[in-house]
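Engineer: So that we are looking at the same thing, I have put the structure below in structure tokens.
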């Protein structure tokens with residue numbers, strides 16, 4: 001049960017976190033917290049599912065190896081399923097004529113393919129949230145560029161609206177469920193126990209977050225030779241504080257673990273549910289409310305503290321894409337010629353540059369010609385693309 005509780009409270013609420021961080025003022029912090037948050041939720045769900053499959057009360061080396069193997073199987077299988085579904089959607093829209101140049105068909109096909117990835121994940125007992133996440137990454141890189149301009153605008157606003165509505169319903173449900181008298185009646189005879197449990201869980205969240213952020217930031221700084229690229233202590237404090245909020249994923253996992261058919265019948269389970277609600281509400285309201293004042297206090301000039309490499313010789317595609325919300329520009333499709341690192345230290349200090357270089361080379365040579373994408377959109381006579389080209393020529 002202790003490991004399951006750890007998985008429950010390991011899921012940060014990235015939605016709340018990104019609402020209080022400004023992408024324009026603190027682009028690096030936004031990127032770090034966003035990247036950690038979206039993967040963190042999926043990893044927590046996968047870890048929780050792996051824990052549910054084993055009896056960890058009596059751990060031996062065999063069970064430990066099976067648990068680790070189950071975790072990695074769920075993680076990589078869910079990832080590959082999402083990637084394959086995203087590539088399939090890109091290939092269908094690029095090659096098959098029936099769905100092209102029709103906004104309603106293209107939008108419907110993109111939504112159905114994303115839903116198909118989730119349903120297939122549930123069918124094979126994998127992680128649906130992780131599958132949908134990687135399916136969305138692949139579709140944004142390939143599929144989204146294969147549709148017409150009107151379909152791009154429609155999908156962008158449609159998914160943003162659906163995301164906002166889903167987020168509103170989640171917080172509405174958490175707020176209404178916090179006033180469910182049935183669960184609180186079980187703990188009314190021992191309110192001190194519930195308060196103590198909530199306090200302990202909150203303290204563990206604070207300590208666990210600190211144990212994760214500061215050591216990894218130190219390791220990251222050790223690989224940076226340029227002092228301007230290092231994560232300062234004040235920025236580490238903001239990253240630590242911004243990730244303290246817990247939300248919908250923690251609530252869903254707690255209900256999955258401590259309820260039966262939607263109702264709580266055991267006192268210990270009721271205490272855990274009410275304690276989870278308390279931690280979620282307290283962290284969302286208090287930590288979320290104080291995040292912006294903390295940023296203004298520690299980073300009084302946030303626009304000048306973004307850690308973007310200032311070297312003019314550094315290729316733009318290596319420093320900006322993850323810090324901006326936009327897509328790659330056309331000049332970024334040209335992969336610059338970068339020499340290979342001449343030593344182990346050089347390879348360690350520039351891993352992202354090296355990986356990015358070879359990935360773009362492989363992507364431009366093999367992936368985009370097959371699955372489409374920016375610069376590789378198929379040309380069809382009579383298409384909206386041709387109309388725009390004629391308009392520009394005139």
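Positions of Cβ are set from backbone N, Cα and C atoms, glycine also.
Keep in mind that what you see is a predicted model, and the values were worked out from it rather than measured.
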Engineer: Scan 48-70, 71-93, 301-323 against TrEMBL and say which stretch is down as transmembrane segment.
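Structural biologist: Within the set 48-70, 71-93, 301-323, TrEMBL attaches transmembrane segment to 71-93.
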Engineer: Need the matching range: TrEMBL marks transmembrane segment on one of 196-216, 343-363, and I'd like to know which.
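Structural biologist: Per TrEMBL, the stretch marked transmembrane segment is 196-216.
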Engineer: Out of 71-93, 158-176, 270-290, which stretch has the largest tally of CB pairs under 8 angstroms to the transmembrane segment (113-138)?
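Structural biologist: That would be 71-93.
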Engineer: When you check the transmembrane segment (196-216) against the transmembrane segment (237-258), do you get at least 3 Cβ pairs under 8 Å, counting only pairs 6 or more apart in sequence?
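Structural biologist: The transmembrane segment (237-258) and the transmembrane segment (196-216): touching, yes.
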Engineer: Please identify the stretch among 71-93, 158-176, 237-258 with the greatest number of Cβ pairs below 8 Å relative to the transmembrane segment (270-290).
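Structural biologist: Against the transmembrane segment (270-290), the leading stretch is 237-258.
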Engineer: The transmembrane segment (71-93): which same-chain residues, six or more beyond its ends, come within Cβ distance under 8 Å?
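Structural biologist: Result: 42-43, 46-47, 49-50, 99-100, 106, 109-110, 113-114, 116-117, 120-121, 124, 126-128, 130-139, 142-143, 146-147, 370-373.
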